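J.: I am attaching a structure below and will ask some questions about it afterwards.
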Amino acid sequence: MNLALPALVPALPALGAAATLAAGKKAPGLARPLAIVPVAVSAVLALVVALQLGTGQTLDAATRLTPTGGPDISLAVHLDGFSSLISVLVGVVATCVQVYSTAYLKADPRYPSYAALVSLFTAAMFLVVFSGDLIVLLVGWEVMGVCSYFLIGHHWETADARSASLKAFLVTKLGDVPFLFGIFLLGADVHSFRIPDVLAAAGEGRLGHPTLIALLLLAGVAGKSAQFPLHTWLPDAMAGPTPVSALIHAATMVAAGIYLVARLMPVFLQSGAALVVLAVMAAVTMIGSALCALAQDDLKRVLAYSTVGQLGYMAGALASGDREASVFHLVSHGAFKALLFLAAGVVIHAAHTNSISAMSRIPGLRKRVPDAYWTTGIALVALAGLPPFSGFFSKEAVLTAAEHAANGEALTNGLGPASGVPQAAGWIVLISAGLTALLTGAYATRLFLVTFHSPAGAAAAAPEVLPAADRATVVADHEADAPYSPELDEADPATAEPPAMRWPLWVLAVPTMAFGVAGLRPDWLPALLDGGSLRPTGVTAVTGTGLAVVGVLAAYGAWRSATARLATGRPAPAAVGRVPEQAGAPAAEVIVADPGRTLLGPLFGPARHGFGVDRLYHALFVRPVAAAAQLVRFLDREVVEGYVQGSGIGANLLGRAVRLAQTGNAQTYLSALLAGVVLLAVLVAV
Amino acid sequence: MHLAYPVVLSALLFSVGVYGVLARRNAVLVLMSVELMLNAVNLNLVAFDAWLRDSLHAGQALTLFTITVAAAEIGLGLAIVLLLFRARGTADIDRATALGDPAEPYASVEEEPAAAEALKGRATA
């Protein structure tokens, strides 16, 4: 097939980014087409490439980029079913996001740079997906990191966005350093950075240090895909614009880590220890993030924690040795989570707040944003994993994979021996995934009910103009102790759902509803991937769905009882007619019927603050580093600088002493001269 | 005649000259002291020339040469003293310290004119 097409796919958005940046200030009218068209064309080209490649094929092509002392670095493509699938996902989501952003950031003066960065980000993700060389892949990987940094910090006027962007950058880089060494070690063991060579070597068991390599690579994956020890950046990253959250922090960038492991699956199958580590990481991530999601007040933070948890599912499937299930879940999650974020953007635009407790007090919110209301519902059902939406099928695939791994017959699809996957990994993933299914159902229900169906919102029949319009009251409106990632928002509430923001929702809603079917027949999606079965199996399907339903019902029940308590205990209408000035934190605490509070009980407080992981890191890392920096500052200022200053001061004093001799009186000079002569004469004579 | 007489005399003359150069304030007297030192040397030269019975009389020749140079030097020196006196109104050598380093390194602007007036006052005196 023509190699120009796969080369064009990453190149076009990159060129588009350059053009957008160049034209942005001079011709603002060009910024929008320049942002949308290259990305859209790339999406089409990615689809064409996928169709040309067909199923069950791989394509490798390489040209040497630069000779090094060791293995060469080459500009290579490695196309297979996985890259086809992910590239189409990236293209579709990026196009939707670009279209959506034209409306979302309509009044933003920095729109051109924003659009250019999104395009550049898309190009980098395509590069990661297509690259057949690990070093070139790393380039795309890092460009994504930088773009993410800039995009999270888009509203750099706010301190939250600045610190969130720095945090995201530093945390992901913390994982990237071991990742880099993992790649080097892999290259040294295989004598090549080419992915096909690596896969071949791993298949033949020629790797010298598979466990070390796998663990080093996992550090980078944990950073990029927000897994347990390095997950803290993702919830804070919600300070960026919502479309960025949809593109980067739900559908693509965080998926890069999962995709990399899927690509290098044979390497990981060589090391049972690494798989167990991955399983534990995934389990802790899943359960912890689901509990956190149940307690968050910020709509986007709920979604962020949910993303972390779903990435845990994918990592769990990888730990069970089944990359097919993982990528299946990646794609369906990419669709429904992008949809959730874009819909959340619409809701946030309409409500002028991120806080779901504040949204619950807004009368008639769901009537003002009907499209967002319905698509959020669809996507949340998919998230909870209820049939027949895509989330159900992909989550069942993960559960099936874990079940097989637990029985010692992991679905590796011929990439490695089934015995390479420890049964412990399977059990860990299976149990935590079941528990997470329950919690996911609960927090999805809570999110939907509190945001759209609160009694205060339902009480007002007619849509009114939002009372709390100015930013100061909006910021004060969320619950005082909750972590909050507010976003500057200049939208006009009257036009909450412009068409450019409405249509991407429905475009993404289609795969959310229907994509799961693709896994049913072995000659559909599985043929594109490894060929294993992606059908739900009886036991896990019933258990998983049952657990999700139990979660949904529990959340609903808790919400009903909380609402009832609220209705009897306190006059709810008081909240409706409240003037914004009285919207203090204590009032917000009591008037919101939050099922999370009931369900989590004493865990609610810790879960709301992410179980204090941030505080722990602050105590463990930030404070020692700050203290060390102070020590260095002291040494530099007081000791090193002391010597430098001292030499200067000494020379100065010496100079002053010498000046005293220069009186201008010639007789003094002559006297000194004579004294010197006499002295010399005496010395010579004696 | 024994060599000791002229040598002692010249040593005395030289010492007087050194004292004059180092201790006198008037530039003219300083110049005269320099002449005394030169002539002490001349006396030495002639004395040793006679004592060594030099056939070429290098000592005497050198003395004549020194006298010539001293004449030229004194002419130049007096001219300088004259110019100094004309410019400053005084020939005191310990007042001519303009080439010295001022006591206060970064003298403020107000002190500069004061010093200039002091100089002017001296010139008129």
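Keep in mind that glycine also has a Cβ here, set from the backbone N, Cα and C atoms.
TrEMBL labels come from automatic prediction, so no person has curated them.
Found this in TrEMBL, in case it helps:
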SIGNAL    A:1-22  signal peptide
DOMAIN    A:68-114  domain 'NADH-Ubiquinone oxidoreductase (complex I) chain 5 N-terminal'
TRANSMEM  A:75-100  transmembrane segment
TRANSMEM  A:120-152  transmembrane segment
DOMAIN    A:131-402  domain 'NADH:quinone oxidoreductase/Mrp antiporter transmembrane'
TRANSMEM  A:164-187  transmembrane segment
TRANSMEM  A:207-223  transmembrane segment
TRANSMEM  A:244-262  transmembrane segment
TRANSMEM  A:274-295  transmembrane segment
TRANSMEM  A:302-321  transmembrane segment
TRANSMEM  A:327-351  transmembrane segment
TRANSMEM  A:424-444  transmembrane segment
TRANSMEM  A:503-520  transmembrane segment
TRANSMEM  A:540-559  transmembrane segment
TRANSMEM  A:666-685  transmembrane segment
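Describe the structural context of these features.
T.: Residues 3, 6-7, 9, 13, 35-36, 39-40, 42-47, 49-50, 53, 55-65, 115, 118-119, 121-122, 125-126, 129-133, 136, 194-196, 243-244, 246-247, 251-252, 255, 259, 262-263, 323, 327, 330-331, 334-335, 338, 342, 345, 500-501, 503-504, 507-508, 511, 525, 527-530 of the same chain lie 6+ residues outside the transmembrane segment (A:75-100) yet bring a C-beta within less than 8 angstroms of a C-beta in it.
Under 8 Å from some Cβ of the transmembrane segment (A:164-187) lie the Cβ atoms of residues 70-71, 134-135, 138, 141-142, 145-146, 148-150, 152-153, 156, 193, 198, 207, 209, 212-217, 219-224, 230, 232-234, 236-240, 267, 485, all in the same chain and six or more residues away from its ends.
Taking Cβ pairs closer than 8 Å, the transmembrane segment (A:244-262) reaches residues 82, 86, 89-90, 93-94, 97, 100, 118, 121-122, 125, 128-129, 137, 141, 144, 147-148, 151-152, 154, 217-218, 220-227, 234, 237-238, 268, 278, 300, 303-304, 307, 311, 314-315, 318, 323, 326-327, 330, 333-335, 337-338, 340-342, 345 in its own chain, all 6 or more past its ends.
Sequence-distant contacts of the transmembrane segment (A:503-520) (same chain, six or more residues past either end, CB-CB distance under 8 Å): 92-93, 96-97, 99-100, 328, 331-332, 335-336, 338-339, 342-343, 346, 371-372, 375, 378-379, 382, 388-394, 397, 526, 534-535.
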J.: Give the nonlocal contacts of the signal peptide (A:1-22) in its own chain as ranges (CB under 8 Å, at least six residues past its ends).
T.: 31, 34-35, 37-39, 41-42, 45-46, 48-49, 52-53, 59, 61, 77, 79, 87, 91, 94, 112-113, 115-117, 119-120, 122-124, 126-127, 130, 140
J.: Output the single range from A:120-152, A:274-295, A:424-444, A:540-559 maximising the number of Cβ pairs under 8 Å to the transmembrane segment (A:302-321).
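T.: Ranked by Cβ pairs under 8 Å, first place goes to A:274-295.
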J.: The transmembrane segment (A:424-444): which same-chain residues, six or more beyond its ends, come within Cβ distance under 8 Å?
T.: 272, 275-276, 278-280, 282-284, 286-287, 290-291, 293-294, 302, 306, 309, 312-313, 316-317, 319-321, 380-381, 383-386, 395, 398-399, 401-408, 410, 543-544, 547-552, 554-555, 595-596, 599
J.: Give the nonlocal contacts of the transmembrane segment (A:540-559) in its own chain as ranges (CB under 8 Å, at least six residues past its ends).
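T.: Residues packing against the transmembrane segment (A:540-559) from afar: 384-387, 392, 395-396, 399-400, 403, 433-435, 437-446, 449-450, 593, 595, 598-599.
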J.: Would you mind splitting the domain 'NADH-Ubiquinone oxidoreductase (complex I) chain 5 N-terminal' (A:68-114) into helix, strand and coil residue counts from DSSP?
T.: 28 helix, 7 strand, 12 coil
J.: On the 0 to 100 pLDDT scale, where does the domain 'NADH-Ubiquinone oxidoreductase (complex I) chain 5 N-terminal' (A:68-114) sit on average?
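T.: Summing pLDDT over the domain 'NADH-Ubiquinone oxidoreductase (complex I) chain 5 N-terminal' (A:68-114) and dividing by its length gives 83.
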